[in-house]
Amino acid sequence: MGSSEPTSCETIPITVEFSGGLEMLFSNKAKHAVAVPSIDPVTNSPFNIGHLIRHLVDNLITDDRTDLFVLDDHLRPGILVLINDADWELEGEEEYEIQSGDAILFVSTLHGG
Amino acid sequence: MDGEIGNGVMKTASNGVNEYENRRLTDDEFDRYSRQMIVPGMGKEAQLRLINSRVLIIGAGGLGCPAAQYVAASGVGTLGIVDGDVVEMSNLHRQVGHATSRIGMKKVDSLITHLKDLNPLPTYTPHPFHISSQNAADIISKYDLVMDCTDNAATRYLISDICVLLQKPLVSAASVQKSGQLIVLNCPPAQQGLIDKPYPPCYRCCFRKPPPPSAMVTCGEAGIMGTVVGMMGVAQAGEAIKILASNLHKPSTSTNPSAPPSENLCQPHLLLYTYDLASGIGPYTFRAAKMGGRKKNCFACGENSPSTLTLEGIKGGNPNYEQFCGLNAASTTLLPKEERITASAYHQAKVKGELPEHILIDTREKEHFSFGSIEGAVNLPFTTLLTKAFKIKRAGQEEGKAEDILPPQAKEVSEDAPILFVCRRGLDSQEAVEKFKELGLDKGGKRKIMDIMGGMKAWKDEVDPDFQFI
C-alpha cells in the first residue's frame, strides 16, 4: 500500500509525558501533545508503542544522547512505560496499539535516597 | 524471643502464626498513641500489632530519617537501622533526623539519639555498617518488615532478593532531584516459586533490569530537594504502619488461611511524585500507576527461581549485584593523553604566561557555575551543548553551521585558538571534546580541542582549595 491510501494519512492525538529525568531529553518539557499516524507507514500495521518509541526518537527527542532512551532499537532498561496509568506489561508492551486520547508516560526508575 | 517487649506474652495460635495476647496498654502507651488509636480502622488491636512488630530501615539518609521518625513515633516495638556512613554537613538539609551537633557521628547512632528523645518506648537496634551480600540475610531475618531507604540500584536488588527468600514485605522508595517513587512489594509475602494464583511482585518483577550506569543519577550529582525525598520517606512510613496494623506482613500460605484477602496488593500501585520548581500552576503532582503481579519468569520469585536464587548463593557472591548493575565496567578515560591537561599544569602555564590564546568552556549546569569557575571560563552546560550538537547534526552539516555551537566569546579569539573544556569531575568534558570533533570543529587537527583532567574537583584539590565545589 502506498502513502496515498487515506488510512495512512489519518493521525491520532495522544499525550506523551516524561518523568524522572527523561524530560531532559525532550526539550526539558514534561508533557507533549503528539499526533501519530494511525497506521505505521513502514510496516503498514496499526501504530503501536514500539512504533511510538521510534517516532519519538525520529521526531521529538532534542538531545544527542538517544542511548539514554533507546538501546538496540528498544527502550533502554530502567524506563517504565505507563499506558493510561497502568504498567505497559499489563497492556502488551510494545505491541499495544495506540488509541486516540491515550496518555503514555515514560518514567526512568530512581535509585537515590 | 521478644518476651521483654511490652507485657505481651507470645502464644502460638492454632494456625501456627505467633499472636500476642490482648493486653491492657500501659498508661504511657495509652497517652502517647491515643490520637492515632481513635482513627477509624486503628483501635487497640492495631496498636498492639504495631507494638509487637519489628521494622528494619536500611539507609539513615533522606528517606530513612523521616521514615524512622514516623515509624518510631507510631509505636513499633523494635526499630533496626542499617547505615555505615557518618553525618556530614551536606546531609542536613534533608536528613532531618540528624543534627549539626552530631556531624561526624555514625548516622545510625545520630538517628537513634533523635528517635529516643522522640519516643523512648521502642527498642532501637543500630547496625552501623553497610548492608552486603554477606550480612543481609542475618540482619533481615530478625525483622517483620523492611523499608528500603538506600541510594543505589545494586543494594535495592540485593534487599529485594533477600526479602523474597525470607518472606518479608518490602516498602521501597527512591528519590532524586525533584522526583520520587514508592511501591509496596512482596506483601503479603508468598513463598518463592509459587505461581498457582496471583501473588504480589518483587522488585525484580517490576524493574527487571537496572539502567546502564551512564543513566543512573545520584543525589550527589543531580541534587535533591529535601521536601521531595522527605515526602517519600513519610509516605513509606505510612505504608509500613498500614501493613503492620492490618496484619498484612504475615506470609500468606495455604497453612495460614487467616491471612487477609489482599487482591489489591497483588497488583500494587507505584506512586510517582514530581515537584516542579518552575510551575506556578501546581506545585506538585502525585500519580499512581498500576503495576503487574509476580512474574512467572522472575529470576527471584518466579516459577524456576528456587534453582536460580538461594540464600547460600547470595552469601557466596551469586548473583554479583555490582556486576549486574554494571558498576565494574564504567571507564572514566575516553581521551588520549595528548588531548588532556591537568588542572595544575593549566594553572602553572597560565601563571607563567605560557598559555596561548584559547577559549575555556565550563560544561557544568548553570547552578553549579553560579558558585564560581576558573577565571575567563564561559558556561555552556553539557545538556545545552548536546541539544545544540544534535540540532546541528539533524540539520545536516552545512558549512559554518557547526560554529553556531560556540559561545559568543569565541569570536574574541582567533578562529584556530585552542578550545578547552572543564566540567565537574572530568567525564562530561571528555565527551564534549569528542562531540566537538565529531562536528568538525577541530578542523582536521588544525584547532586543538582538549579537556582539563578531573574537572573542577581537581582544580580545588590541585590549585584552589578555597574553591566552592559541589
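Glycine residues also receive a Cβ, built from the backbone N, Cα and C atoms like all the rest.
Remember, TrEMBL labels are computer predictions, not curated facts.
Not measured: the values here are computed from a predicted model.
Feature annotation from TrEMBL assigns ATP binding site to B:G62, B:D83, B:S90, B:N91, B:L92, B:H93, B:R94, B:K107, B:D151, B:N152. Same-chain residues at least 6 positions away in sequence with a Cβ under 8 Å from that of B:D151 (ATP binding site) are, in sequence order, B:G59, B:G61, B:T218, B:C219.
Residues near B:C202 (Zn(2+) binding site) in space but far in sequence (CB under 8 A, at least 6 apart, same chain), listed by position: B:S160, B:D161, B:C163, B:V164, B:L170, B:L185, B:N186, B:R294, B:C298, B:A300, B:C301. The Zn(2+) binding site annotation in TrEMBL covers B:C202, B:C205, B:C298, B:C301.
Summarising the annotation, TrEMBL assigns active site, glycyl thioester intermediate to B:C219. B:C219 (active site, glycyl thioester intermediate) counts 22 other C-beta atoms within 10 Å of its own C-beta, drawing on all protein chains shown.
What TrEMBL records for B:354-468 is domain 'Rhodanese'.
Annotated active site, cysteine persulfide intermediate per TrEMBL: B:C423, in sequence order. Around B:C423 (active site, cysteine persulfide intermediate), taking its Cβ as the centre, 25 other Cβ atoms fall within 10 Å, counting all chains.
If you measure from the Cα atom of B:S90 (ATP binding site) to that of B:C205 (Zn(2+) binding site), you get 35 Å.
In space, B:G62 is the closest of the binding-site residues B:G62, B:L92, B:R94 to B:C205 (Zn(2+) binding site), judged by Cα positions. Distance between Cα atoms for B:C423 (active site, cysteine persulfide intermediate) and B:G62 (ATP binding site): 27 Å, as a whole number. Here the recorded positions are B:S90, B:L92, B:D151, B:C219, B:C423, and the ones sitting under 8 angstroms from chain A, going by CB atoms, are B:D151, B:C219.
A C-beta separation below 8 Å, combined with a sequence spacing of at least six in one chain, links B:G62 (ATP binding site) to B:N91, B:R94, B:Q95, B:C149, B:S175, B:C219, B:I224, B:G226, B:V229, B:G230, B:G233.
Across the residues annotated as binding ATP (B:G62, B:D83, B:S90, B:N91, B:L92, B:H93, B:R94, B:K107, B:D151, B:N152), the two Cα atoms farthest apart lie 20 Å from each other.
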